[in-house]
Amino acid sequence: MSAPIVRPLAELRALVRGWKSRGESIGVVPTMGALHEGHLSLVRAAKASCDRVIVTLFVNPRQFNNAEDFARYPRTEHADAELLGPLGVDALFVPDGDEVYPPDHATVISVSGVTAPLEGAHRPGHFDGVATVVTLLLNMTQADRAFFGEKDWQQLQLVRRLVQDLKLPVEIVPCPCVRAGDGLALSSRNQRLTAEGRARAATLPQALFEAVARIEAGEPAEATLAAAQAGLEAAGFAPVEYLALRDGETLGEPQPGRPARLLVAAWLDGVRLIDNLAVTLP
Ligand code: PAF
């Protein structure tokens, strides 16, 4: 059986009112659909700690940098509802674009600092779109807990900052990245790789794992990252937009004694792939 699809906000609000009146906790998993095992792991985490689980499916036009990417984003609503049914999802909330952003919508949420480098530098406006829609989705669902994947590491830090700054009454629950057998981080965009590109894509996580091992063993980060980038370029990644070692929370320069993160964005086969790993600085 498929998960029940709820479209009008009024219908979602009625469900949420009923659940809250019975003292039930609500978890939300925000998605843009084209669900894969990574999303399902978030749903399982939500089911394990919440009485009710809402999955949202909204392909948010405001976080895309170009109209073609938005148009090409996979849309598989019915298959998504079928995948979610057996997991016991209480509602698949699929709001209409006009209800999320009516023509007179005038509010943009903008988080500074953590959003400036990396994705922020390469995708102008992207994080304003994410921050705005996440705020809307949290307000619409009134969830007690919201589940986000660590695959989108910078997005996760943005959401944490946003919730803390706006004092939103929701707990953000980070969930580990899910990888395919060859190490590639699962992503809806992987579907767009050719078979040959998909085979080569595993070079990306391999380069990350190797660079992390070298940095943790005390090799100089700069030379290690330069070698890793050269390896990716030789494997056909073009361009490598960034391969950077950053502080895990602020995304600024890594600080001794604090958790660091190695993050990458690179194009293969016309598909933009991102990934990241934790680094313990020696
Ligand atoms: O990570 C995503 O799928 C999206 O950025 C999100 C959080 C659902 C907002 O549109």
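Yeah, the Cβs are placed from backbone N, Cα and C, and that goes for glycine too.
As recorded in TrEMBL, the features of this protein are as follows:
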ACT_SITE  HIS39  active site, proton donor
BINDING   32-39, 149-152, VAL178, 186-189  ATP binding site
BINDING   GLN63  beta-alanine binding site
BINDING   GLN63, GLN155  (R)-pantoate binding site
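For ligand 1, the neighbouring recorded positions among MET32, LEU35, HIS39, GLU150 are MET32, by Cβ distance under 6 Å. When the recorded positions HIS39, GLN63, GLN155 are ranked by how far their Cα is from the Cα of VAL178 (ATP binding site), HIS39 comes first. Around GLY38 (ATP binding site), the C-beta neighbours below 8 angstroms that are at least 6 residues distant in the chain are GLY149, LYS151, CYS177, VAL178, ALA185, LEU186, SER187. Distance between Cα atoms for LEU35 (ATP binding site) and GLN155 ((R)-pantoate binding site): 18 Å, as a whole number.
Among the recorded positions HIS39, GLN63, GLN155, the residue whose Cα lies closest in space to that of SER188 (ATP binding site) is HIS39. According to DSSP, LEU35 (ATP binding site) sits in a coil region rather than a helix or strand. Using CA atoms as reference points, the recorded positions MET32, HIS39, GLN63 were checked against GLN155 ((R)-pantoate binding site), and the closest is GLN63.
Cβ neighbours of GLU150 (ATP binding site) (same chain, under 8 Å, six or more residues apart in sequence): LEU156, PRO174, CYS175, PRO176, CYS177, ASN276. When Cβ neighbours within 10 Å are tallied across all protein chains shown, the highest count among the binding-site residues MET32, LEU35, VAL178 belongs to LEU35. Residue density at GLN155 ((R)-pantoate binding site): 22 other Cβ atoms are found within 10 A of its Cβ, drawing on all protein chains shown. Here the CA atom of HIS39 (active site, proton donor) lies 10 Å from the CA atom of MET32 (ATP binding site). In this structure, GLU150 (ATP binding site) belongs to neither helix nor strand by DSSP; it is coil.
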